[in-house]
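Q: As annotated in Swiss-Prot:
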SIGNAL    1-18  signal peptide
REPEAT    68-89  repeat '1'
REGION    68-266  region '10 X approximate tandem repeats'
REPEAT    90-111  repeat '2'
MOD_RES   M110  methionine sulfoxide
REPEAT    112-122  repeat '3'
REPEAT    123-144  repeat '4'
MOD_RES   M136  methionine sulfoxide
REPEAT    145-166  repeat '5'
REPEAT    167-188  repeat '6'
REPEAT    189-209  repeat '7'
REPEAT    210-231  repeat '8'
REPEAT    232-242  repeat '9'
REPEAT    243-266  repeat '10'
Amino acid sequence: MKAVVLTLAVLFLTGSQARHFWQQDEPPQSPWDRVKDLATVYVDSVKESGKDYVSQFETSALGKQLNLKLLDNWDSLTSTVNKLREQLGPVTQEFWDNLEKETEQLRQEMNKDLEEVKAKVQPYLDDFQKKWQEEMNLYSQKLEPLRTEFQEGAFQKLQDLREKLRPVAEQVRDRARAHVDTLRTQLAPYSDELRQRLATRLEALKESGATLAEYQAKASEHLSALGEKAKPAFEDLRQGLLPVLESFKVSFLSALDEYAKKLSSQ
């Protein structure tokens with residue numbers, strides 16, 4: 001179990017390098033940058049969609065009848081959540097910095113393995129890209145006469161054009177599949193090599209009991225520190241939510257009382 005936890009941490013911290021095994025057009029992000037980006041996108045999405053749902057509910061017949069005024073408290077709730085995010089920022093930043101530092105050597109070894117395998121497969125990727133471009137050029141050349149013929153009105157029906165295009169498209173499809181199959185065959189040994197290297201690194205880590213225990217102790221220490229430092233932020237969140245919850249409670253009870261009066265008067 002210890003090895004699994006540490007493995008996940010190391011793989012996450014080396015995620016940018018593994019991703020750039022196939023992509024080279026974007027600069028690598030730090031682990032904390034990736035966490036912040038994902039969290040920001042998720043929170044903003046939930047916030048916007050949540051506000052839309054609340055708005056739809058309040059404009060519905062039931063919402064108008066209950067008159068809970070949820071949107072009146074939405075900005076207050078959003079402000080409280082944003083404040084929590086700001087308070088936790090430095091704390092979680094410190095946690096990831098410590099974890100990244102503790103696993104630096106192992107990550108360097110794994111990144112080295114990735115780069116070595118990447119260098120071996122790059123010629124196959126370049127060759128595949130070249131062949132693919134050649135196929136596209138050939139496809140364009142074969143389509144040119146058909147396009148000209150179509151523009152000149154030689155085809156009276158669209159079905160005629162489809163019939164002439166079908167063999168060309170099937171030929172391109174079959175040739176593309178052949179290239180992909182060839183590339184898959186060429187890359188298979190290197191994929192196995194990469195998995196074997198990773199397995200070797202992890203096995204060495206498991207056999208190194210003292211080192212693994214040290215990593216485990218440091219990780220537990222960092223998590224405990226994170227929990228202690230986050231307590232004030234969550235207490236602030238709780239205090240910030242109290243007025244919102246109290247307002248909701250009052251509105252809801254008022255709506256129930258009004259509904260009960262209507263029932264008794266019928």
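Each position is counted from 1, following the chain as shown.
Each residue, glycine too, has its Cβ placed from N, Cα and C.
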Q: In whole Å, note down how far the CA of M110 (methionine sulfoxide) lies from the CA of M136 (methionine sulfoxide).
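A: Here the two Cα atoms are 37 Å apart.
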Q: Considering the modified residues M110, M136, which residue's Cβ sits among the greatest number of other Cβ atoms within 10 Å?
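A: Neighbour-count leader: M110.
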Q: Per DSSP, what is the residue count of the repeat '3' (112-122) in each of helix, strand and coil?
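A: With helix first, then strand, then coil, the repeat '3' (112-122) has 11 helix, 0 strand, 0 coil.
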